[in-house]
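As structure tokens, the structure follows; a few thoughts come after it.
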Amino acid sequence: MTLAVETETPLRLEGKYKAMAVCWVLGIGSLISWSSMLIIGDYYNNLFKKYHPTRALTLVYQPFALGTMAILAYNESKIDTRKRNITGYTIFFASTLALLLLDLATSGEGGLGPFLGVCVFVALFGVADAHVRGGIVGDLSFMYPEFMQSFFAGLAASGALTSGLRLLTKAAFEKSHDGLRKGAEDEAKQYERLSNKQLFIQNFDYALDLFLIYVLTLSIFPGFLYENTGQHRLGE
């Protein structure tokens, strides 16, 4: 009995590189809003000096992102992932646009009202991030690995892109608070070099902590790895 083995010509995968480019753009779009907020932290520090925006905005962002992610994960079976992704990117676009309009409407003035407005939009960034990150990664996990890699490459590229744009804008507006030099310290303090004894005294607690950690670690792991404890079962 002979078996006929059918040989089929493998189908040509078309549009793979275009899909990778789209995933890369989606990765950039899912993080560029928050990256922009971090890059212009010096602007918000100058605008809202009383409210410590670099710390406050992070504390606002994280709870909304984690809370929304938990809710979406719990109701995952009831949610249309496509609508989830579209909703997330729509919130990103609307929040970013509203943040720019808020700055224009207030003419770049500080105060509690504008700061609360910024906090609201940062919270929306967290909500949008929870929608997009889980939805896109979940969808791409069923596709080719290259798509997932392109998406995360886009996440990394968003930071580089915003940093580059920040340098260009600071260089373009040289007459605006000294341009790029505004990011440097105005009054650099000259510190005298401490002696080794002074450095040791100031950092004695850190040195002691490090020493105790090594003593504890090296006392447990080598003995545990070399000791023949025999065979054990659950309950013994």
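Using N, Cα and C of the backbone, Cβ positions are placed for all residues, glycine too.
Annotation comment: TrEMBL describes 21-44, 56-74, 86-105, 111-130, 151-169, 206-226 as transmembrane segment.
Below 8 angstroms of C-beta separation, residues 53-54, 57, 61, 88-89, 92, 95-96, 118, 122, 125, 128-129, 132-133, 136, 140, 147-148, 150-159, 161-163, 165-166, 182-183 of the same chain, each at least six residues beyond the ends of the transmembrane segment (21-44), sit close to that stretch.
If you look at the transmembrane segment (56-74) against the transmembrane segment (151-169), you find fewer than three C-beta pairs under 8 angstroms, all six or more positions apart, and that falls short of contact.
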